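So the structure is just underneath, and the comments pick up after that.
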Amino acid sequence: MLAVFLQGFALSAAMILPLGPQNVFVMNQGIRRQYHLMVASLCALSDIVLICGGIFGGSALLSRSPLLLALVTWGGVAFLLWYGWGAFRTAFSRQLALATAEELKQSRWRLVVTMLAVTWLNPHVYLDTFVVLGSLGGQLTPDVRSWFALGAVSASVVWFFALALLASWLAPWLKTQMAQRIINTLVGVVMWGIALQLAWQGASL
């Protein structure tokens, strides 16, 4: 059981650790200390749903529906281009100001919607959870499949909370205008790079 748990944990961690839309968003909110634990919780919860869905049968749905995959892919491209543009606009604005407490209060639901879009409109999430984890987990016998799923979701929960807390701890050094310009530029580059990669993949669907 422990070996299967560790296998799920290691495989999930290997797919979560690379810099992607989810990680960038959680890190950014941690630096701003702007509902970062809520964002980490929602990211982890979304991953739990996706991972369990993939391992316990959802991988077959995605493999049988090229249209669904295409819709998710192009929706993701559009969203990532929009999000990246916002990051570039912030990075190169003449006056870069941190949000006030009142602005943070008003933007909570916008953050929730953006986080859900970052997760659920990212085709890589479905490929990781449904195709990779789903295919491997589906090959296991029912008595150990749950341990594989538990290991996979544990990696997700640990990672997102660790990233949010670490970014929050480093916030005093990363909240300067220069650091924010650099971070937002990197966010824009990552988002547009992933969008172009997805567009290339979507053209071949």
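Cβ from N, Cα, C; glycine included.
Feature annotations, courtesy of Swiss-Prot:
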{"type": "TRANSMEM", "residues": "1-21", "note": "transmembrane segment"}
{"type": "TRANSMEM", "residues": "37-57", "note": "transmembrane segment"}
{"type": "TRANSMEM", "residues": "68-88", "note": "transmembrane segment"}
{"type": "TRANSMEM", "residues": "112-132", "note": "transmembrane segment"}
{"type": "TRANSMEM", "residues": "147-167", "note": "transmembrane segment"}
{"type": "TRANSMEM", "residues": "182-202", "note": "transmembrane segment"}
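For the transmembrane segment (182-202), the partner stretch with the highest count of Cβ pairs under 8 angstroms, out of 1-21, 68-88, 112-132, 147-167, is 68-88. Below 8 angstroms of C-beta separation, residues 12, 16, 22, 25-26, 29-30, 108, 111-112, 115-116, 119-120, 125-126, 129-131, 133-134, 137-138, 145, 148-149, 152-153, 156-157, 160-161, 163-165 of the same chain, each at least six residues beyond the ends of the transmembrane segment (37-57), sit close to that stretch.
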